[in-house]
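A.B. asks: Quick paste of what Swiss-Prot says about this protein:
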{"type": "BINDING", "residues": "G58, R59, S60, G61, A62, G63, K64, S65", "note": "ATP binding site"}
{"type": "DOMAIN", "residues": "25-273", "note": "domain 'ABC transporter'"}
Amino acid sequence: MGQALRKLTAADYPVVVQEPRKKVLAVKGLVKAYKSQHRVLDNINFELHAGEFVAIIGRSGAGKSTLLHILNGTIPTSAGEIINYHENGDTQNIAALTTKQMRKWRAKCGMIFQDFCLVPRLDVITNVLLGRLSYTSTLKSFFKLFSEQDQARAIELLQWLNMLPHALQRAENLSGGQMQRVAICRAMMQNPKILLADEPVASLDPKNTTRIMNTLQKISENDIAVIVNLHSVDLVKDYCTRVIGIAHGRIIFDGPPSMLNDSIIQDIYSDESAELLH
């Protein structure tokens, strides 16, 4: 007779322990107000971890784009801190950086836009190479020659997004989807740890929308934190791992897309939420 079967226990199965994702950024008490004293952003608090794919949603004028530009350093804060966590454990308040220090920060915090922001008359590969200049002064940028390493990186990125055949084509002759792929390549030239995307698919057709969202998802899967400003809740649920809902300058929801029900969506997009916040 064969050997009696032994009852399997938990000890027979390998235990897979997932390491907590690295914290890359913490926003604390962020406020943005203009001369009218109107607070576009009011007491914004959240943490960001490597590999997260975070959607920012809300009505037009809720402060979504302003938040992304503040994180990138192109708009100053009125109050609060933006803490950058370095690999060695050191921290740095982005909101207090000098102009020179801010250029170095932008090398680690790439950004793409709805209108692509390419130089129309330059060819594709030169537009991508311009991503290497974000950390240098404007004057030095005009006289800096791109290294062979820079050129190899640009070619690698263009090949990754199937844009290498268009490398010598002027940017103005590309389609919207192609322009956004070039913009992503440019943002990735510095190997950023954070990628900000301000309405990256707002002007694209469904096919190119899917392509760009798939690309952003792949980027996040490579331990890069991605924050995207989106209008489509369906895209948020299909692609993102986390949602931050902003209404009238304040965060009223922060959680996984699975918790984003009709009631919460209505609160985020309804004018009635203003009465609850003020």
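Each residue, glycine too, has its Cβ placed from N, Cα and C.
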A.B. asks: Under 8 Å Cβ-Cβ from G63 (ATP binding site), six or more apart in the same chain: what's there?
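C.D. replies: In sequence order, K32, V40, L41, I246, G249 meet the Cβ cut-off.
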A.B. asks: In the same chain, which residues outside the set G58, R59, S60, G61, A62, G63, K64, S65 have their CB within 8 A of the centroid of the CB atoms that define the ATP site?
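C.D. replies: So the extra residues in range turn out to be T66, I246.
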A.B. asks: Taking only the residues in the domain 'ABC transporter' (25-273), give me the average pLDDT of this model.
C.D. replies: 91
A.B. asks: In the structure shown, with every protein chain counted, which of the binding-site residues R59, K64 has the densest set of Cβ atoms within 10 angstroms of its Cβ?
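C.D. replies: Going through R59, K64 one by one, the largest Cβ count within 10 Å is at K64.
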A.B. asks: Give the sequence-ordered list of residues that share a chain with G58 (ATP binding site), lie 6 or more positions from it, and have CB atoms under 8 Å from its CB.
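C.D. replies: The answer is K64, G245, I246, A247, I268, Y269.
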A.B. asks: Which one of these binding-site residues has the most other Cβ atoms within 10 Å of its own Cβ: S60, S65?
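C.D. replies: Output for this query is S65.
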A.B. asks: Would you mind listing, in sequence order, the residues at least six apart from G61 (ATP binding site) in the same chain with a Cβ closer than 8 Å to its Cβ?
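C.D. replies: The answer is none.
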A.B. asks: Secondary structure at R59 (ATP binding site) (DSSP, helix/strand/coil)?
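C.D. replies: Once the DSSP labels are grouped into three classes, R59 (ATP binding site) ends up as coil.
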A.B. asks: What residues, ordered by sequence, lie under 8 A Cβ-to-Cβ from A62 (ATP binding site) and sit at least six positions away in the same chain?
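C.D. replies: Listed in sequence order: I246, A247, H248, G249.
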